[in-house]
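Asker: Quick one: this structure, given as structure tokens, is what I'll be asking you about.
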Amino acid sequence: MLFQFLNENGGHTESLSVSENVSLLFKLYCLTVMTLVAATYTVALRYTRTVETELYFSTTAVCVTEVIKLFLSLGILAKETGSLTRLITSLKENVFGSPKELLKLSVPSVVYALQNNMAFVALSNLDAAVYQVTYQLKIPCTALCTVLMLSRTLSKLQWFSVFMLCGGVTLVQWEPAQATKVQVEQNPWLGFGAIAVAVFCSGFAGVYFEKVLKSSDTSLWVRNIQLYLSGIVVNLFVVYMSDGAKVLEKGFFYGYTYYVWFVVFLASVGGLYTSVVVKYTDNIMKGFSAAAAIVLSTVASVILFGLQITATFSLGALLVCISIYLYGLPRQDTTKIQPSETKTSKERLATV
């Protein structure tokens, strides 16, 4: 359906920046897909790191994900350009003929590589529901990076929601929910540390990539191709440095099962899908999606991993869901009040 939607709109994703032009049905479709992908990816990755007997190399999974994203982006760019000749011309001009742009995109590539690998570390040591709630710390990290890097401001309500979110995550981590069906050795502090690194990387890389996107009229898919090319090189280096000897001994795809390939598929499609649907939805919808993903992950963790819900976890998760909703509420722009309007208001007060 995603390809069909892009095709019906001429394939130019950057030409539709106003969400009102998109039907309610498509917005609901986006909300459903974003929610299911986020929840399913977290639970499936957790399953492969705690239940599988032959543990695969997480570094190779991240690398394969980048390769799949690259080919998917090439396919969408081909549909966008309309012909093979235009596709080759676009790649020559914007990718192979622009080494500076590739170097520019290597910065978020390194950060995203670290983030994706930290997600595997976190879900090897934390339950999927705990991870899903704690990972929402990416919101204050992104907010901080937005203020510092893009010179934007946040409303008082947004700052309040940020502190509420931090309080909710603190409650979740204060007495972590335990999974009775998971027998592997876990280190919750290592998992939380990995999430801390991942959320910082998510905030910085996301804002940096947004700044690059808005600095020129280059197609989103060209930028994605530049990003994934750099990402493949970075992740191959990570594989060599982290698991090089083991990969040479056991093979690049050692331990891969249908479940592992499913996780790779979700990471690939989910990452690309999010970069598109964010253009056509608002913050409130994304907030509902994140909150719904937390609920689904919790239910799945109870069923699959025997998660025991605590009072502090429930309260913390509720605060996080509320804070996500509050943070996404539209801001009232008070900066456009004209001096004449202010004067009129004063005259009215004077006459009272």
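Every residue, even glycine, has its Cβ placed from backbone N, Cα and C.
Just so it is clear, the model here is predicted, and its values are computed rather than measured.
From TrEMBL, here are the annotated features:
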TRANSMEM  24-44  transmembrane segment
TRANSMEM  56-78  transmembrane segment
TRANSMEM  157-174  transmembrane segment
TRANSMEM  189-209  transmembrane segment
TRANSMEM  221-241  transmembrane segment
TRANSMEM  253-276  transmembrane segment
TRANSMEM  288-307  transmembrane segment
TRANSMEM  313-329  transmembrane segment
Asker: Quick check: do the transmembrane segment (253-276) and the transmembrane segment (56-78) share at least 3 Cβ pairs under 8 Å, counting only pairs 6+ apart in sequence?
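Answerer: These two stretches do touch.
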Asker: What parts of the chain pack near the transmembrane segment (56-78), using Cβ distances under 8 Å and only residues at least 6 beyond its ends?
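Answerer: Distal contacts: 3, 6, 48-49, 84, 87, 90, 113, 116-117, 120-121, 124, 219, 221-222, 224-225, 228-229, 231-232, 235-236, 238-239, 242-243, 246-247, 252-257, 260, 263-265, 267-269, 271-272.
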